[in-house]
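Report on one structure; see the data block that follows.
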Ligand code: P6P
């Protein structure tokens, strides 16, 4: 199949926007539902998780250019088109446990040309389901993160997001009781400097918040109860690392660029820090 990256990315991003409206409908019909089962990695799986995954699977199947998909809700990846070029790893509904509280949740996508390795990322996107449906899109072909909002008829480009050198928001993830002393000191240091605590427990709205406000730090470190962190490389961490670097910021595991990591397994996790460059330097110290 002829590889025309700009056209193919356009098709994939349009499919993600269209699917966001179907998923939003599911959320409104399934608010605060009970749990259904556990997924392959032991996460509690809500009806909305399963339905969102089915919507995206069906939608990506309509694209000949998509070779394979890998969902956080499925143990193995699924081949769609033998002659396809791109592999899409996605978290169909991240933070669904927050639905009962009527807090924002999201979907996350990484688009890989070749194997599921960060060096093969050619694009990434997120959907944030809140007061409105918003879609953030980052492409290898263009700097910045294009943020679209659905206005009831179509998706309008609201703003192309860039991160400043430093920000004011601190989104510290994980159970504080299980933080290392070093991490505790880093977080206290930021608060002593006047950073504002902004943490909802939803990765997508928390990271989108930092992008929209132009800076800050989101962290989910290694903790004693999750030594390799909690967030998954393929579906959550690599897409947002691509997005934050596209916005002029950085993304590290505390030692190296997240986009230099190599997963051993589709569901591998890693400690992660995303933010403006000043905060990323602090995270690496
Ligand atoms: P904690 C939601 O369950 C999630 O996967 C991410 O969306 C979020 O950033 C993280 O877990 C929150 O984890 O341990 O801080 O509640």
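Any Cβ shown, glycine's included, is placed from N, Cα and C.
Look at TrEMBL and you will find 6-151 tagged as domain 'Fructose-1-6-bisphosphatase class I N-terminal'. The Mg(2+) 1 binding site annotation in TrEMBL covers 72, 91, 93. Per TrEMBL, Mg(2+) 2 binding site is recorded for 91, 94, 236. The substrate binding site annotation in TrEMBL covers 94, 95, 96, 97, 199, 230. Positions annotated as domain 'Fructose-1-6-bisphosphatase class 1 C-terminal' by TrEMBL: 164-283.
Listed binding-site residues: 91, 93, 94, 95, 199. Those with a CB atom under 6 Å from ligand 1: 94, 95.
Of all Cβ atoms in the protein chains displayed, 20 besides its own lie within 10 Å of the Cβ of residue 95 (substrate binding site). Spanning the listed substrate site, residues 94, 95, 96, 97, 199, 230 have a farthest Cα to Cα distance of 16 Å. Around the Cβ of residue 91 (Mg(2+) 1 binding site), the same chain contributes 71, 72, 107, 108, 232, 235, 236, each under 8 angstroms and 6 or more positions distant in sequence. For residue 96 (substrate binding site), applying a Cβ distance below 8 Å and a minimum sequence separation of six or more within one chain yields 46, 48, 49, 105. In the three-state DSSP scheme, residue 236 (Mg(2+) 2 binding site) falls into the helix class. Within 10 Å of the C-beta of residue 199 (substrate binding site) there are 15 other C-beta atoms, taking all protein chains into account. Comparing residue 199 (substrate binding site) with residue 94 (Mg(2+) 2 binding site), their Cα atoms are 15 Å apart once rounded. One way to see the shell of the Mg(2+) 2 site is to take the Cβ centroid of 91, 94, 236; the remaining same-chain residues with a Cβ within 8 Å of it are 72, 90, 95, 106, 107, 108, 203, 204, 231, 232, 235. Compute the center of the Cβ atoms of 72, 91, 93, which mark the site for Mg(2+) 1; besides them, the chain residues with Cβ within 8 Å of that center are 49, 52, 53, 71, 73, 90, 92, 94, 96, 107, 108, 235, 236. The DSSP breakdown of the domain 'Fructose-1-6-bisphosphatase class 1 C-terminal' (164-283) into helical (H, G, I), extended (E, B) and coil residues amounts to 50 helix, 23 strand, 47 coil.
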